[in-house]
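A.B. asks: Can you keep this structure in mind? I'll have questions shortly.
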Ligand SMILES: Nc1nc2c(ncn2[C@@H]2O[C@H](COP(=O)(O)OP(=O)(O)OP(=O)(O)O)[C@@H](O)[C@H]2O)c(=O)[nH]1
């Protein structure tokens, strides 16, 4: 029996095949076996995402400690030189940043305060990197998670990267809690952060706690739902102590903020709105239920606060994960059924269903390739055969493990709704696996285009085998890291999301593979296109003794109207060019698009039509048609208002207010378009669009202009035509480089 959901069920009914039984999802969930329902109710797949340096790794370390997964806490950049558990790559520990996301799991016992007994929750946790250059890691984590904790710094509030993470959470409909960390810092102000979540991220937010004490006097929080003071006691704050006695100086604030919480909920939840209208006060259970409903339906985020480094108020955040973030059955996950014209299907997270899982991350470990899989429905068992939906390859799963950063625990089976890692499963990241009885594929992940590239080669030729091994591993792990060999120079070119992104790979090559590399100057990934329609009529005719080369191609070239792809078409009737030769023409067109006539960069948005031509009885060949098409392409391209496209970046800069003038000056010099400036009490944030070419060396200048206090992120936005002067300079530079090469 197969199950189908809402719209798909209706669509499928029209052409229901004999073997398909259409069942409504709500009905199926209703009939879900009790054991699955109970199990899923206690599972949370969550991610932790935030601006760089907000304390994600430090928080995760506390979570692992309090849940008993680790027995000692090591700080990021701590004096003991061990480094945090989750930052397992040597490089991560050294730089104190998270590059790869690590998956781990832990069990948290939620003390039941309403008298129904304690409940044990199973939490799968992904620590995600904060730097924009590692966006793909965040994207991949969010794709497979059901909920997230968004961490903010109590001093800085919403920062540039918080906005990026916010966009990603919205793209994948991930419900979230907000946790304001670093409450111990001087200048900590959780209310500014709450306002910013409301205003800048435009998601209704209200605190469910207020702080007891300020800055280095921060001692704990008041739970606004139950109106209880919560403190941490014992070594590393391991014991939570609750008290009905709310300190006198906090009581008024707590009552005021409780009202704000109820008012905010009334705006997003009908039940609370009704109670509010009746001028009644909702019960604790009603408030909790409303927070859960509104959070899961993405209308609201409850805000908690604490300090990870100070070991205060992390446990209530874990309780909130259990209370307010969804379990796997509360999130709709779709697959496409390839046997039914890719009709969407809702996957049902229980074990009796056919197995469907998504490989969302690959890692080369000491024991071979490790593949992280989220099981969406059915269960994955050791020794079971699975099928890769991309190529139908059958693979036996020899070993399943649960990951704990870089350590692992063997298990025999993983149930629906959970995350695990498997060994010996050869695949690319983003592949869907099934048990072979269904032909589902999960919708693919959003992979941004690389915008920067550089040439790379090993210093010593003896290192070439290791170099190739490293390159192929990085490529399989990271879809935003691309590699190709330049046909002309025979150089290996790597491309990625930013300078740091590529630097990290060069560094990993050195550390993990012992290969020192020589790299060229970073290059912007320009694109080339045309703006007008042009006709062509081109003949290749060469007679050099013996058989000659002859091919004539006639047609036109025009912009496709979008920059997504190039298109080739032929409208040749009457056999002036045979099918075989037309195929060679298409090949000529495609290879011309790889290296544009202006700068040698990829061509986008060009449509070529061949509608006539001529063939010679003996002198025509596939090669002559391929060459003739390439020559025609070049001529037509240059006559069709050829244009260089450059990557335009969304740049977000934050710095103390006194430096605003300096920053605006810096951006104006770069011909950036300033879109918006938010001025806060201490800091301002400037949003601008600027071409990537203009942004080289910006971090050094920003540091100089702000006494090291400014920070920025940038993200690819779109390709846009370069200014005529810039185009002229680039073309000239390219011409000179070619001349130099030919001289050599
Ligand atoms: N004062 C204070 N510092 C903290 C707190 N939590 C973390 N830190 C410090 O902030 C710095 C960054 O913490 P991390 O945990 O590495 O932050 P992250 O968000 O994981 O950083 P990336 O992985 O680089 O994105 C470290 O020096 C921590 O010791 C806190 O509650 N209070």
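Backbone N, Cα and C define each Cβ position, glycine as well.
OK, TrEMBL features for this one:
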DOMAIN    41-329  domain 'Tr-type G'
BINDING   50-57, 127-131, 181-184  GTP binding site
A.B. asks: So, in DSSP terms, is residue 50 (GTP binding site) helix, strand, or coil?
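C.D. replies: In the DSSP reduction, residue 50 (GTP binding site) maps to strand.
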A.B. asks: Hey, does DSSP put residue 183 (GTP binding site) in a helix, a strand, or just coil?
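C.D. replies: Coil, per DSSP.
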A.B. asks: Across all chains shown, how many C-beta atoms besides its own are within 10 angstroms of the C-beta of residue 50 (GTP binding site)?
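C.D. replies: That number is 25.
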A.B. asks: Count, for each of the binding-site residues 53, 56, 183, the other C-beta atoms lying within 10 angstroms of its own C-beta, and report the residue with the smallest count.
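C.D. replies: Selected from the binding-site residues 53, 56, 183 on minimum Cβ neighbours within 10 Å: 53.
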A.B. asks: Compute the average pLDDT of the predicted model within the domain 'Tr-type G' (41-329).
C.D. replies: 85
